[in-house]
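Taken from TrEMBL, the feature transmembrane segment applies to B:6-30, B:63-81, B:93-118, B:138-160, B:165-184, B:190-215, B:227-252, B:267-286.
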Amino acid sequence: MEHGQRMADGRKRWLWLVGAAVWLGLPWLVFGNNYVLSTLILIGLYALVSTGMTLLMGYAGQISLGQAAFYGIGAYASAYLTAHADWPSWLALAAGAALAALVALVVGIPVFRLREHYLALATLGFGVIMFTFFKEWKGITGGLNGFFGIPPIHIAGISLQSDLQFYYLVLLFVLAGLWFAHNIVRSRVGRALRAIHGSEVAASSLGVNITKYKLQIFMLSAVYASVAGSLYAHYVTFINPDLFGIVPSIYFLIMVVIGGSSHVWGGLVGAAVYVCLGEWLKAVVPLLIPHAGGEFEIVFFGLLLVVMLIYMPNGLSGVLSKGMKRLLETGRRQKREAAVDSRQAGSIGGGQG
Amino acid sequence: MEAWSQFVQLLFSGLTIGSIYALVALGFVITYSVTGILNLAQGDFAMLGALLCMTFVNSGVPFAFAIGLSIMAVMAVGGLFERLAIQPARRSSVAVLIIITIGVSFVFRGIALLVWGTDPYALRPFTGNEALRMFGAVIQWQSVWAIAISVVSFIALHVFFNRTYLGKAVSACVINPFAARLMGIDIRKMSLGAIAVSAGLGALAGIVIAPISGASYDMGMMIGLKAFIAAVVGGLTNAPAAIAGAFLVGLLESFAEGYLSSGYKEAISFGLLLLVLFFMPNGLFAKMTGKRV
């Protein structure tokens, strides 16, 4: 049993390595096609946000309908500190993350006393309030006109202006984010979170400090979103409040649902599927319905969300991991059967001899 | 005098918008009471009602008939929504059900966008264009209509739940679903009925507000969210309290817009929501709660 577990772990590590290698190699496959690269960068940024949300929703069982607010905090913090206060970009990114964590702490203390409907409404309310601030705090955010001229990210004196450089930076963040989430889930905290998800009463009777863990994971998910927001701001160099309202929050939710929140990499899968489907729809729908415009996505993603939740509540990562398990399982069974066959053949041979 | 007339003006616009929120909030309370579902697509019923009515009127259907027709149509949409999205997911967790209603809301928005486009439409007022002068303020007749219709709807619902057999059956489902089933009440039918009625109320709200603030594909979300605030302020399952909550939200918004800044009115209503959730999770009027609906 333990041996099998170790083998499965070994295989998993191997899968991680292959995945990372594929992502590293992707730009070479597309030969600097900027459209594909920018799509990949977007997937990476969304994957960061949805990985944080996956931790919150899948492992702690808490719903958040205001995650885009943290994405916005990161974006505006980076934009303001680098463009107006001349901070180095990495310091601005860290400051944004710290600010997001602080806001998550302050908001989280009262919010996580609430459950279910009330929690959903409270996070939604938080999202609307933050959106209002992004819109109205014109001195810092530029209001509805948006924030122009955000400088590119500088690292060790190099300014990352090409999509290729930025891709690798985002990749680095995504890998670090996934790795960290993976470790969190397998740690004491992860076990506590799963216990909370299973039953809050049972968990607290076992001495798990529910509020503390929920708060910590909420802060962590805020940091993920904020970092992604900072990177996004430096990448596109122009942001406006509409990017951080309620609808984007719901799009992040859709990613988590598509990807499934029962696995750490569900967020990545969800982000990839969401972005690719969105791009595909943008290309295909105008051919079928000439006047539909890009807005057809809303119907599509709404339907997808409903259908996924009814028929595939664990999302794609649930299906993928089941398929993968079956694949590994059959591989192992074949190997075992082959071993048994050869042993039988050997024993038969021995008997004859 | 100037200050006084501004006050009356704001008071009336607050009552008008409050009566719209009250209609949608009533539908929300009925849905939540009977099915236990927080239907975030509630506001989109208002949007569908307004846009459908506008289309019917433009294609020559008599006004009163167009109103009835669009309410019926939206009720049918509500019924379909219950059968296709809510019933199959009955056993899911609360969070999943909420997300499903968000998905449905997106579908409604998207369909409206495809059919009617992004431009806002105007619906003509129920009665003439001339305004009513009262206490030095100018009040549109449509505002009077909005307030009157919400009051009449509330009285009708009250009579329905307390004086009719069917209404009592619905109340029974709310109080104890298991016992209600033992008495031969079909809970699935009740759930269908509750959502259809809620959809109809939403549609009515949309039709009433359309001549004042126009009708567009994205009007549903904010109306719906405000109605939730109203319902939460009232304690989710208490209809009179939800109506009080709706007028409170409407007035708060109107005065915030008039005396502070229009940009912050959203933040103010949601701030109220958060305050109520944090400090009075049973609603501002918790003492009034006896039974649901």
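Glycine residues also receive a Cβ, built from the backbone N, Cα and C atoms like all the rest.
Here the structure is a predicted model, which means the values were calculated and not measured.
Cβ atoms under 8 Å from those of the transmembrane segment (B:63-81) belong to residues 41, 45, 48-49, 52-53, 56-57, 104, 108, 124, 126, 192, 195-200, 202-204, 207 of the same chain, restricted to positions at least 6 beyond its ends.
Beyond the transmembrane segment (B:6-30), the same-chain residues lying 6 or more positions past its ends with a Cβ under 8 Å from any Cβ of the stretch are 38-39, 42-43, 45-46, 134-139, 142-143, 146-147, 149-151, 153-154, 157, 194, 197-202, 204-205, 208-209, 212, 223-224, 226-228, 230-231, 234, 236-239, 242-243, 245-255, 257-259, 293. Non-local neighbours of the transmembrane segment (B:138-160) in the same chain are 9, 12-13, 15-16, 19-20, 22-23, 26, 30, 125-128, 130-132, 166-167, 201, 204, 208-209, 211-212, 239, 243; each lies 6+ residues outside the stretch with a CB under 8 Å from one of its CB atoms. Residues 225-226, 228-229, 232-236, 238, 240-241, 244-245, 248-249, 252-253, 256, 260 of the same chain lie 6+ residues outside the transmembrane segment (B:267-286) yet bring a C-beta within less than 8 angstroms of a C-beta in it.
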